[in-house]
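Undergrad: To start, I am sharing the structure in question, which I have written as structure tokens.
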Amino acid sequence: MDNCYDPGLDGIPEYDDFEFSPSIVEPKDPAPETADGPYLVIVEQPKQRGFRFRYGCEGPSHGGLPGASSEKGRKTYPTVKICNYEGPAKIEVDLVTHSDPPRAHAHSLVGKQCSELGVCAVSVGPKDMTAQFNNLGVLHVTKKNMMEIMIQKLQRQRLRSKPQGLTEAERRELEQEAKELKKVMDLSIVRLRFSAFLRASDGSFSLPLKPVISQPIHDSKSPGASNLKISRMDKTAGSVRGGDEVYLLCDKVQKDDIEVRFYEDDENGWQAFGDFSPTDVHKQYAIVFRTPPYHKMKIERPVTVFLQLKRKRGGDVSDSKQFTYYPLVEDKEEVQRKRRKALPTFSQPFGGGSHMGGGSGGSAGGYGGAGGGGSLGFFSSSLAYNPYQSGAAPMGCYPGGGGGAQMAGSRRDTDAGEGAEEPRTPPEAPQGEPQALDTLQRAREYNARLFGLAQRSARALLDYGVTADARALLAGQRHLLMAQDENGDTPLHLAIIHGQTGVIEQIAHVIYHAQYLGVINLTNHLHQTPLHLAVITGQTRVVSFLLQVGADPTLLDRHGDSALHLALRAGAAAPELLQALLRSGAHAVPQILHMPDFEGLYPVHLAVHARSPECLDLLVDCGAEVEAPERQGGRTALHLATEMEELGLVTHLVTKLHANVNARTFAGNTPLHLAAGLGSPTLTRLLLKAGADIHAENEEPLCPLPSPSTSGSDSDSEGPERDTQRNFRGHTPLDLTCSTKVKTLLLNAAQNTTEPPLAPPSPAGPGLSLGDAALQNLEQLLDGPEAQGSWAELAERLGLRSLVDTYRKTPSPSGSLLRSYKLAGGDLVGLLEALSDMGLHEGVRLLKGPETRDKLPSTEVKEDSAYGSQSVEQEAEKLCPPPEPPGGLCHGHPQPQVH
């Protein structure tokens with residue numbers, strides 16, 4: 001092997017002359033050098049994810065870089081082949097950047113056939129022209145060695161095309177090129193560049209074929225390198241209108257680099273994205289989003305689409321899951337269906353109603369004398385004939401279809417001389433039989449009740465003939481007002497459904513004066529009271545009338561909605577319905593103002609969803625709490641208005657209703673967190689003017705906390721004490737925003753406000769408290785020509801990556817960064833550790849004064865925020881532990897999975 005590889009010839013000859021066309025990015029279809037000439041093709045791509053780049057102090061990888069199709073029990077490795085050629089050849093592979101055109105990468109390949117600068121070579125031929133690389137590893141460069149390695153790689157590359165050496169001008173040019181590469185290079189992504197060399201006439205391998213480039217390989221320790229995976233969803237179907245809230249559990253994602261994509265896999269190519277903000281991503285493992293509307297509102301049957309997680313920057317996607325859109329339910333409350341139904345007859349569902357009518361008519365003459373033409377007053381004559389108190393059981397004594405039996409009994413009692421049918425009454429029982437006597441007594445009582453019922457019905461009909469008032473008939477039949485049809489609707493329900501206002505008032509009047517108040521609150525099979533239906537159908541006058549006669553507004557329907565909740569969902573009619581409900585004087589009004597629905601939303605939250613300042617004013621005037629948090633996430637009305645980006649509502653809540661601009665959700669987010677996460681300069685400016693706290697931190701740590709195992713032996717005894725304190729820095733609005741305009745607003749506001757008191761120092765160390773001289777020296781070091789963009793990496797390590805674009809054009813980016821870090825409550829140890837990991841030992845020396853050295857703890861554990869896009873793996877070799885146990889790691893990190 002050594003005979004065919006000269007380690008002094010690393011790199012690719014005449015690299016600068018190569019024109020990397022888009023075909024190189026798709027290596028499975030390479031362009032040959034000539035129409036029928038030899039060319040290089042990738043047979044097996046490397047695996048894109050799951051492989052870890054390792055530092056030199058960690059030792060070699062356990063197993064080489066696997067192939068894309070590698071599985072347990074069937075290992076594959078990156079493989080290439082020279083086509084249209086047979087004979088001796090040499091194939092080399094090195095690392096290049098993932099951007100186009102590909103440039104030399106600072107990381108290096110390691111393996112049995114690899115040189116010190118990371119170029120691996122194998123010989124192939126003369127028959128088998130396939131090369132398999134089965135022991136490749138990726139050596140992660142340290143920041144302090146990055147420039148040196150880049151210059152060496154570029155020099156070797158240039159020397160292959162210019163063996164006579166480099167001039168001083170060319171060396172300076174290479175150094176400048178290395179500096180430019182360092183600024184833009186992503187240390188978490190590499191690609192393999194395969195190059196083939198055929199044997200020339202002089203016996204050397206100096207005839208190059210066109211290189212081919214592999215697909216990107218992501219460092220498994222990089223925040224954005226993990227495979228996207230949907231673990232669970234609480235809903236797999238929703239309305240075609242969208243807006244359904246879905247809780248999705250997933251593997252680790254980045255708040256600012258993830259989206260939920262809905263799409264159809266057909267010729268239309270429809271796609272849409274779930275609606276959520278960075279604050280809806282919970283600790284990188286759960287996303288709460290609202291479904292987008294389907295592109296067709298009118299569908300006749302359910303439609304199944306797909307959804308997947310997708311990274312915004314890299315475009316990586318997860319496996320797709322199915323989601324079903326169901327047709328729009330226009331008549332959710334089934335009012336229209338019931339209106340289309342034919343009107344019920346008296347025989348349905350009461351049974352025998354027509355016979356009852358005939359019987360009553362036949363008996364009217366017999367009761368004429370008793371009626372005596374007396375007037376009802378208010379149904380006094382009808383009530384006088386009631387044989388049982390209100391609430392007794394006439395329905396039980398009056399079985400359906402029994403009209404004929406009732407009238408027969410009445411004839412026998414009133415006109416015995418006319419020969420009533422004997423089977424209608426029990427036969428005479430023999431003397432001395434108690435059971436027979438008891439049966440006879442019950443039969444007589446039954447007939448007496450039937451007689452009273454018939455008499456009352458007859459009197460009601462007579463009174464109706466005198467007064468022409470339908471309430472006379474209703475009073476006589478008031479016990480039937482509780483009758484329900486197959487949908488559970490009473491006569492009052494049906495009158496409201498069909499909009500019969502006069503009938504509604506008559507029935508309600510009778511119910512009220514007869515003290516049959518239970519009827520007014522009866523529910524149908526959909527758990528709807530008459531008041532619910534009056535609100536659903538928008539009958540404001542009926543709502544007021546029902547409340548006056550005792551309707552209970554606190555009762556809930558099957559969805560958990562009270563009449564007030566339904567009124568707030570009534571669209572344009574909401575203010576009038578709300579007036580009727582709240583101005584009725586009902587004793588339950590204070591109670592319904594503080595009742596949530598089944599989704600945990602209070603009336604003030606529904607008023608925000610209705611986008612109605614008028615409804616908000618009505619609710620607050622009647623005693624609703626504008627600061628009430630909804631039960632799912634603790635959001636106030638101001639939080640919801642901010643999420644909806646309703647500038648008018650936010651202004652109304654802040655200026656007129658004096659909502660608390662610093663109210664917090666269960667996760668500690670203020671409205672300013674939400675506005676910043678949405679990237680809305682207008683809302684941000686409004687909230688800042690209203691006094692929003694720019695320094696407010698939510699409950700999600702900016703940097704993951706150390707595991708309990710790193711806290712020492714005293715962790716158990718100190719645990720309860722630690723639980724009472726907050727020992728980490730959460731995300732501020734500035735940490736959540738990706739908008740340059742919002743960042744500028746927040747930074748300007750931060751400079752114009754006094755610094756907040758620092759949080760209790762975390763276990764990592766004391767707060768950042770340094771003199772101006774030390775900070776100025778560090779600023780000069782980071783902005784100096786030797787640093788070349790180190791401040792940007794420092795920002796990422798300090799969890800302030802969102803500020804990089806903002807500070808890039810400032811006179812002193814590092815100075816602005818350090819001031820923001822200090823303002824945010826950053827600790828000294830975090831800064832020292834970041835500088836040390838970057839190899840900036842001079843900066844560590846500047847900061848480590850006698851007054852701070854003794855304060856530093858022995859443990860140094862720090863991980864990056866989930867908001868970065870590149871790997872921030874600890875890089876300083878000086879922090880590597882001595883070779884105690886095999887596989888020990890640098891910087892106190894827990895043992896990762898090794899590949």
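Heads up, the Cβ atoms here are built off N, Cα and C, so glycines get one too.
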Undergrad: Candidates are Thr425, Thr732; I want to know which one Swiss-Prot annotates as phosphothreonine.
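TA: Residue annotated phosphothreonine in Swiss-Prot: Thr425.
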Undergrad: Counting only pairs at least 6 apart in sequence, do the repeat 'ANK 3' (559-590) and the repeat 'ANK 1' (487-516) share 3+ Cβ pairs under 8 Å?
TA: no
Undergrad: Mind checking which residues of the chain, 6+ beyond the ends of the repeat 'ANK 5' (633-663), have their Cβ under 8 Å from one of its Cβ atoms?
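TA: Same-chain contacts beyond the ends: 277, 288, 604-605, 607-609, 611, 613, 616-617, 620, 626-627, 669-672, 674-675, 678, 680, 682-683, 686-687, 690-693, 696.
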Undergrad: Would you confirm whether the repeat 'ANK 2' (526-555) and the repeat 'ANK 4' (599-628) meet the contact rule of 3 or more C-beta pairs below 8 angstroms, pairs 6 or more apart in sequence?
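TA: No; fewer than 3 Cβ pairs under 8 Å.
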Undergrad: So, by DSSP, how many helix, strand and coil residues make up the repeat 'ANK 2' (526-555)?
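TA: Helix, strand, coil within the repeat 'ANK 2' (526-555): 16 helix, 0 strand, 14 coil.
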